[in-house]
Amino acid sequence: MSSINQEPLHGYKLLLVEDDKSIVEGLEYYLSQEGFQVTCCYDMASTMEILEKNTFDIAILDLSLPDGSGYDICLKIKNTNDIPIIFLTARDDEGSTVMGLDMGADDYITKPFRIRELHSRIKSVLRRYGKGKDNNSEDILTFGNIEINLKEGNVRKNGNIIFLTALEYRLFLTLCQNKGRVLTRSQLLESIWDVSGDFVNDNTLTVYIKRLRDKIEDDPQNPTIIKTVRGLGYQVQGNESL
């Protein structure tokens, strides 16, 4: 199944430095599917060369490398470009953790780790730094008289905030961030399954779509924003402006 956009993370440039190729392959695939532009390095020498010619929004650094240390790369990055850094290491001793944080690292995760936990920490440090889309007009998606504020996590109609549940917001955001694409019911269910404790299946998805239309459409019986593509799924058409 093709990946669908679920979070406003697309376009972030991520530097991944790790000498274990199996870890690199797994992380590169997952993070690329989440919309990151991933650059991979396996040692300190190649990383230093990459840093001379490129800038990044976030770095994930292995502490132990065949020709040096992630500490040295951390110092290099912090001296030239203050971006969030997460250390990824097999060491779990307190001394290594304190040293890394003292050198400017923002977080520290020990192998083995769950990839969803790492993803959550990446999003957290990016929010703290206010990186990229948090500080520009790409925070706002507009569809006619509907405005989605990605930073504040709210939706307005004609300037007035519409109350959406967490599940409704995630569902609407998923549709809007995939404007022009027809999303199947199974894709939508996959995107919202962990948002709420409420059980959502194919039948209740229809109910949530109806609730969304009642709140955002001028005429819910003849929707112009959330379109039904019979036999396929749902689509927000590409009339969005930024």
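Each position is counted from 1, following the chain as shown.
In case you wondered, yes, glycine gets a Cβ from its N, Cα and C as well.
Marked as domain 'Response regulatory' by TrEMBL: 13-126. Here the domain 'Response regulatory' (13-126) is broken down by DSSP into helix, strand and coil counts: 55 helix, 28 strand, 31 coil.
Positions annotated as 4-aspartylphosphate by TrEMBL: ASP62.
Per DSSP, the secondary structure of the DNA-binding region (138-238) breaks down as 36 helix, 25 strand, 40 coil. As annotated by TrEMBL, DNA-binding region applies to 138-238.
Sequence annotations record features per position, and here TrEMBL assigns domain 'OmpR/PhoB-type' to 138-238.
Shown in sequence order, VAL17, GLU18, ASP19, ASP20, GLY70, PHE87, LEU88, THR89 are the residues of the chain, 6+ apart in sequence, with a C-beta less than 8 angstroms from the C-beta of ASP62 (4-aspartylphosphate).
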